[in-house]
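Shown below is the structure under consideration.
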Amino acid sequence: MDMQSRIRRLFQASIETKQQAMEVLAPFIEQASQVMVNALLNEGKMLACGNGGSAGDAQHFSSELLNRFERERPSLPAIALTTDSSTITSIANDYSYNEIFSKQIRALGQPGDVLLAISTSGNSANIIQAIQAAHDREMIVVALTGRDGGGMASLLLPEDVEIRVPANVTARIQEVHLLAIHCLCDLIDSQLFGSEE
């Protein structure tokens, strides 16, 4: 197969996954945005975590809220728990890598805050512990997952929201996660500041 054909095949796979996800995920993305808006209106904040590419997604989400998405508006409170290398490495060294997010959540999380927990498999041990810590702090969890939802899905409470991408290929799940994050940012802005359309 020549390279351009391979590229077209990858684009097509991404398009098909997004089309399937659009039908399945729209109500869950809407619900998650409402949970986030409610928290923000009640002086809550967003905490976000993930590993690898999902760590990048957590930072992307928090930067869109702290700075701006597609319009000028006041900054919104969001913290990516993936950015402080001194904190992360000290927790990993002194305790366990599985606690790098949960210890931060226990210190920073407050009742009514929202945790955006991102894992393509749903089985990342440190994300599972983060969800448990968020529940201990009476936070609501929005989980971005894929495949069968993994261990994360079984931990979620009725007030939590799972946005589970209907795919098994990690790259396709990540692509939909980013689109879902952009949808969340757009819906948060439109609910808080009005629609620009």
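Think of each number as a place in line: the chain as shown, counted from 1.
Yeah, the Cβs are placed from backbone N, Cα and C, and that goes for glycine too.
The feature domain 'SIS' is assigned by Swiss-Prot to 36-197, with sequence analysis given as support. Among the features that Swiss-Prot reports, substrate binding site is placed at Asn51, Gly52, Gly53, Glu64, Asn93, Asp94, Ser119, Thr120, Ser121, Ser124, Gln174. Sequence annotations record features per position, and here Swiss-Prot assigns Zn(2+) binding site to His60, Glu64, Gln174, His182 based on sequence analysis.
Mind mapping these onto the model and telling me what they sit next to?
For Gly53 (substrate binding site), the same-chain residues that are 6 or more apart in sequence and have a Cβ closer than 8 Å to its Cβ are Thr120, Gln174.
Shown in sequence order, Glu64, Phe69 are the residues of the chain, 6+ apart in sequence, with a C-beta less than 8 angstroms from the C-beta of His182 (Zn(2+) binding site). According to its DSSP assignment, His182 (Zn(2+) binding site) is helical.
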For Asn51, Asn93, Ser119, Ser121, Gln174, listed as binding-site residues, tell me which one has the smallest number of other Cβ atoms within 10 Å.
Asn93
Taking the domain 'SIS' (36-197) alone, what is its mean pLDDT?
98
Three-state secondary structure of Gly53 (substrate binding site) from DSSP?
helix
Using DSSP reduced to three states, classify Gln174 (substrate binding site) as helix, strand or coil.
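Note: Gln174 (substrate binding site) is helical by DSSP.
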In sequence order, which residues at least six apart in the same chain have a CB under 8 Å from the CB of His60 (Zn(2+) binding site)?
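Looking at Cβ-Cβ distances below 8 Å from His60 (Zn(2+) binding site), excluding near sequence neighbours, one finds Leu178, Ile181.
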When a 10 Å sphere is centred on the Cβ of Glu64 (Zn(2+) binding site), how many other Cβ atoms does it contain?
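The Cβ of Glu64 (Zn(2+) binding site) has 20 Cβ neighbours within 10 Å.
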